[in-house]
Structure formats: C-alpha cells, structure tokens
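Colleague: Provided herewith is a single structure, encoded as structure tokens, for subsequent inquiry.
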Ligand SMILES: NC(=[NH2+])NCCC[C@H](N)C(=O)O
Ligand SMILES: [Mn+2]
Ligand SMILES: [Mn+2]
C-alpha cells in the first residue's frame with residue numbers, strides 16, 4: 001500500500017534562544033520536501049502551518065523566564081494543543097504525520113498527538129537529550145525540555161498540555177548524544193530509557209545502533225515517533241541550527257540511519273510519526289540544512305538510491 005504522509009508545519013521559535021527557527025517550515029518546503037517525498041513513492045499532502053505568532057510580536061517579558069524558569073510557556077501550550085490535534089487526526093486518517101519545525105519544543109505536541117490513541121516509543125536523533133525540566137534547565141529554553149514534559153516530569157504537573165501519558169519511558173531511545181548538561185546526564189542515566197552516545201556510534205557503527213534503537217523503541221508498543229533534530233548531524237553538514245555541537249554524524253551516517261528506520265517500518269509497521277526540527281534559515285548556508293531535512297525525511301519514509309524495492 002502506498003504510504004501517505006501529511007506535512008504539518010509548526011513555525012515556532014518560542015523554545016529556542018536564537019530567533020529564526022520559526023522560518024524552518026518555509027525553508028524546508030522551499031527545499032522541495034513534497035517532491036522528495038513523491039520520489040520516495042509517498043503520496044503526500046501539506047496541511048499548512050499550525051498557528052504560531054512570531055516571538056517578536058509577543059511581550060518581551062516572556063523572553064525572560066518568569067516563575068518556573070521556562071520561557072514562552074503559554075505560547076508553547078497553544079502550539080502543542082493545536083499540533084497534537086493535527087497529529088492525532090492524521091494518524092486516525094491512516095497517514096503518517098511529518099511535522100516540520102520549528103524548534104524542538106514542538107515535540108511536546110507531536111508526542112502527545114502520536115500517543116493520543118496508542119502506546120508509543122520514540123527514537124530521539126539529537127546531539128542533546130532534551131530532558132531538562134524548568135527546575136534543572138540552565139537556559140530556560142523549552143526546546144531543551146520536551147522529553148521531560150512528555151514523560152510527565154513533576155515540574156510540568158498540572159500543565160495539562162505537556163504530558164504524553166502513553167509514551168512509555170522504557171521505549172525512549174536517544175541516538176547520537178554529545179552535549180548533555182550535568183543534571184540532565186544524571187536524569188538520563190536514572191531514566192528507564194536507553195541512551196546511545198556518539199561514542200557508541202563510533203564503537204558499534206550507525207547500522208547496529210539504529211537497529212537496536214528501533215528495536216528497543218518499538219518493543220511492546222504500537223508505534224514509534226522518530227524525532228530528528230538537525231543538530232544531530234555534524235555542523236559541517238548542517239550549519240543552519242541554533243545549538244550546533246561538533247562531532248556529529250556524517251551525511252552518509254544520517255542517511256543510513258533513516259534508511260534503517262524505513263527498513264524497520266517496512267518489516268514491522270513501526271513508524272507512527274516523524275518530525276524534523278531546529279532548521280534555522282538565518283544561520284544556514286544556501287538553505288542546505290533545510291535541503292538535508294527533506295532528504296532525510298524522504299529516506300526515513302522509504303526513498304532508496306535506486307528507487308523503491
Ligand atoms: N533541541 C535543542 N536544540 N536543544 C538544545 C538544548 C540545549 C541545552 N541542553 C538547554 O537545555 O538549554
Ligand atoms: Mn539538539
Ligand atoms: Mn533537540
């Protein structure tokens with residue numbers, strides 16, 4: 001059966017400290033996302049963007065953390081609500097949501113939508129663990145917190161929009177970590193999830209690590225949300241991101257990992273939803289990071305060098 005994808009834009013930069021990532025969805029569309037997906041044999045529709053007024057038009061005070069050390073919480077709440085509904089409706093209609101960000105706080109909405117009607121796991125392809133909470137975050141930027149929110153960290157207690165109750169902590173897998181804050185590292189170690197760092201990729205290779213990640217994330221649940229933060233790649237390949245960290249995966253490793261996601265999905269019907277986030281066109285060079293995001297999404301959804309098998 002032909003895979004159906006629905007592109008959902010989430011043009012926010014509320015979760016990041018560098019403005020401009022809200023233009024990510026435009027840049028990714030301009031880079032030819034829909035065409036890439038059609039090439040992958042995926043039939044795709046673009047539903048446009050969720051509502052997200054630019055941060056510049058918001059009260060400047062909100063850029064400074066008030067209580068709880070998390071910036072723009074109300075704005076992120078509104079985006080998360082709307083996005084969760086889009087993602088949920090997309091899955092209910094039999095298609096695969098492809099959320100394009102936007103900073104990584106959009107994952108709060110994606111995860112909640114993907115977990116609305118099912119038990120899920122997630123594979124988090126990222127330099128960062130994004131497991132900070134308001135009380136532990138060194139920055140107050142919510143793009144460093146989506147996993148803590150989705151897993152129901154006590155700092156988010158009572159914040160109805162944040163938690164994805166059916167995201168199973170044992171099915172959370174990080175791939176490619178190389179920049180983790182001190183308290184966050186302790187929280188990753190104490191979590192029920194599995195963390196594969198860049199060192200693990202060096203030691204075992206991207207194939208083995210991605211295969212293990214998909215196996216763990218999908219074990220005993222209904223599907224996997226694949227979260228691709230473009231800063232997972234080395235900044236030489238993906239310069240257009242707000243929090244670049246040296247020593248990331250190469251272009252080929254990234255494609256290989258996404259191909260393994262697609263292979264796993266073909267065999268196990270495991271890919272429930274996906275997002276590509278943190279593309280910041282202001283920091284990019286000739287839109288190459290946006291273009292990379294389109295290529296990697298296409299690989300994850302089944303594109304092969306010599307066409308479909
Ligand atoms: N999705 C991202 N790019 N996250 C970066 C987070 C950086 C840092 N750990 C923080 O919490 O502020
Ligand atoms: Mn990151
Ligand atoms: Mn991230």
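Every residue gets a Cβ built from N, Cα and C, even glycine.
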Colleague: May I ask you to find which of 104, 255 TrEMBL records for the Mn(2+) 1 site already listed with 128, 130, 229, 231?
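Modeller: Between 104, 255, TrEMBL records just one in the Mn(2+) 1 site with 128, 130, 229, 231, namely 104.
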Colleague: How would DSSP class residue 229 (Mn(2+) 1 binding site) in three states?
Modeller: strand
Colleague: Note the Cβ centroid of 104, 128, 130, 229, 231, the recorded Mn(2+) 1 site, then list each other residue of that chain whose Cβ lies within 8 Å of it, in sequence.
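Modeller: So the extra residues in range turn out to be 124, 126, 127, 143, 144, 232, 243, 277, 278.
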Colleague: Provide the number of Cβ atoms within 10 Å of the Cβ of residue 104 (Mn(2+) 1 binding site), excluding the reference atom itself.
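Modeller: Taking all protein chains shown, residue 104 (Mn(2+) 1 binding site) has 33 Cβ neighbours within 10 Å.
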Colleague: Which of these binding-site residues (128, 130, 229) have a C-beta closer than 6 Å to some atom of ligand 2?
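Modeller: Only 128, 229 meet the Cβ criterion.
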